Amino acid sequence: MQTHSSSLVFLALLCLSWALLVSPTRPPSQPPSHPPIQPSSQPPTQPPSQPPTQPPTQPPSHPPTQPPTPPPSQSPSQPSPLPPNIACKSTPYPKLCRTILSAVKSSPSDPYHYGKFTMKQCLKQARRLSKVINRFAQRVEADPGTSTVEEVSAVADCGELAELSVEYLETVTEELKAAELMTAALVDRVTSLLGGVVTNQQTCLDGLVDAKSGFATAIGTPLGNLTRLYSVSLGLVSHALNRNLKRYKGSKGKIFGGGNKPVREPLETLIKVLRKTCDKGKDCRKANRNLGELGETSGGSILVREAVTVGPYETDNFPTITEAVAAAPNHTFPEQGYFVIYARAGLYEEYVVISNKKRNIMLIGDGINKTIISGNHSFIDGWTTYNSSTFAVVGDRFVAVDVTFRNTAGPEKHQAVAVRNNADGSTFYRCSFEGYQDTLYVHSLRQFYRECDIYGTIDFIFGNAAAIFQNCNIYARKPMANQKNAVTAHGRTDPNQKTGISIINCTIGAAPDLAADPKSTMTFLGRPWKPYSRTVYIQSYISDVVQPVGWLEWNGTTGLDTISYGEYDNFGPGADTSKRVQWSGYSLLNLVQAMNFTVYNFTLGDTWLPQTDIPFYGGLLHTE
């Protein structure tokens, strides 16, 4: 690292408080970021005749959907105080947890109070970290010749992620003020946001390490300790809120409520109105009037605030999607309706970012391979994996329908993302994602994909979201010579994160280039990017493109006893599990375990998907 940053690094270490400087209980997890998969020198280990009996770690089940009951004004018997050593058992770092909670003057009876205390510490430290990173970024921008392009990009990512984490923690702090009356949906959102903070921190650190930044060396220990503070808070808050739900019998409720204004439309009706009214350069300003004239419609429907069009005609509102996004209002609520962007058929060579303040945006195209958003940023060309995306979305409740997203960098450019998604309650319907390595970055929070096509090679569905894929086609492409394909690479770093990749009723097959040369490479269902990686395949067709062992290790035996990989009721020539890996973190799921990874139970999608009017099923296709 050059001398210009040494003083700022020293400032960073001074600026961060005692909570960051507690000695770590173990070094931060820093596995490499998506290297090309090279052939193994040893053949895969053959499993025994019976699959392992240890099931994957399951997300907690949700309580019955009963009306919330207010807490009693006074409990019949006063619960005994809860000492820190007991409360800290719910966290992955009990020693650090006890050190932090030693500042609490008296032991409360409810672990929620411990969680609330640590949340204050988290928010305080997150704000300080954001300031430190922003100051460093300003120094780098002022004197760019002293830093590499990769370092500049990685530091910029850290600044963006740090600001996001502050916003998430502020939201959580506000929600926790009424923790006793929280519904399951709000609990799920709170724990998802806290899990997202942990993911943001890890993404920052990974990016700095990949960029070989001296800043990473200097700030690595404080970053690691702050990540542990976040993990401690996540464990305490998750345990406390789930305990309160059971205690007060809270209902599922709704995380994103609806309203009766401005206009409610079925999704397919909305699409037809847009395409008919705006066909061949007609004045699309009539679209909003037509929607208003249709008014309330029976059956499923969505709320529409305003509709704008993107295209080459003079009657279109905007020539680019980026300009249309910029025109959307900021910080809108669900009851205000969607800001609908209709992008005509065409090739849009632009890099679109939907920021955290742009919420309730619905992007509608003319269909797969008709409305195409394309870019070619890649890791080899100096972009971080996080920022190589052609299309990035952070704003809550984003919906995309009938759009193709591409990254055309090619396999020789390594990591090159088509879509990066860290938007809570986001949905992609009838879309396609085309790339090679790292095509679809399901970064964080809760996501749903329905009837989509995903193409790629190495780790082409990766990240640390709670992402569900229903009725999708997943195609492995032909990589470079001596590389192996992995469909998924989930990145859970904390056992309390309610994240994972759930693939239900999908087809896993070969793209045309690989189908023409099937013996050119080996394809696997996934590999563990991080220690608590979690992925399941349920009631899906698995073709013979998948190797009989099914799964691939990341780095030797690392994480194979802490991951959660499972399969349930799949079919097809590649679904035979008799030769699957014999890792302790892999198993064949039973019905009850598989149900934990459905829309109803894994993401509580039934509390936020109905407002999109996109079809979904909450459980399994069949249970026989």
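Quick reminder: no glycine exception, Cβ is built from N, Cα and C everywhere.
Swiss-Prot lists ASP438 with the feature active site, proton donor, giving sequence analysis as the kind of evidence. Residues or ranges marked as active site, nucleophile by Swiss-Prot on the basis of sequence analysis: ASP459. The substrate binding site annotation in Swiss-Prot covers THR385, GLN415, ARG527, TRP529. Taken from Swiss-Prot, the feature compositional bias 'Pro residues' covers 25-84. The disulfide bond annotation in Swiss-Prot covers CYS452-CYS472 and rests on similarity to another entry. Residues or ranges marked as N-linked glycosylation site by Swiss-Prot on the basis of sequence analysis: ASN225, ASN330, ASN369, ASN376, ASN387, ASN505, ASN555, ASN596, ASN601. Per Swiss-Prot, region 'Pectinesterase inhibitor 47' is recorded for 74-236. Annotated region 'Pectinesterase 47' per Swiss-Prot: 307-606, in sequence order. Here Swiss-Prot flags 1-19 as signal peptide. Feature annotation from Swiss-Prot assigns site 'Transition state stabilizer' to GLN437; the stated evidence is similarity to another entry.
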Other CB atoms within 10 A, centred on ASN376 (N-linked glycosylation site): 18
Per-residue pLDDT averaged over the region 'Pectinesterase 47' (307-606), given as an integer: 97
Among ASN225, ASN369, GLN415, ASN601 [recorded positions], residue with fewest other Cβ within 10 Å: ASN369
Cβ neighbour count within 10 Å of CYS452 (disulfide bond): 23
Spatial neighbours of ASN330 (N-linked glycosylation site) that are distant in sequence (at least 6 apart) but have CB under 8 A: LYS357, LYS358
Three-state secondary structure, ASN387 (N-linked glycosylation site) (per DSSP): coil
Largest tally of Cβ atoms lying within 10 Å of a Cβ, found at which of the glycosylation sites ASN387, ASN505, ASN555: ASN387
From recorded positions ASN387, GLN437, CYS472, ASN505, the one whose Cα lies nearest TRP529 (substrate binding site): GLN437
Candidate glycosylation sites ASN225, ASN387, ASN505, pick with smallest Cα gap to the residue listed as 'active site, nucleophile': ASN387
Other CB atoms, at most 10 A from the CB of GLN437 (site 'Transition state stabilizer'): 33
Where ASN376 (N-linked glycosylation site) falls in three-state DSSP terms: coil
For ASN225 (N-linked glycosylation site): DSSP state (helix, strand, coil): helix
Recorded positions compared (THR385, ASN596) - the one with the fewest other Cβ atoms within 10 Å: ASN596
Three-state secondary structure, which DSSP defines for ASN601 (N-linked glycosylation site): helix
Between CYS472 (disulfide bond) and THR385 (substrate binding site), the C-alpha gap once rounded to whole angstrom: 24
Among ASN369, CYS452, ASN596, which are recorded as recorded positions, the nearest neighbour of ASN555 (N-linked glycosylation site) by Cα: ASN596
By Cα-Cα distance, the member of recorded positions THR385, GLN415, ASP438, ARG527 nearest ASN369 (N-linked glycosylation site): ASP438
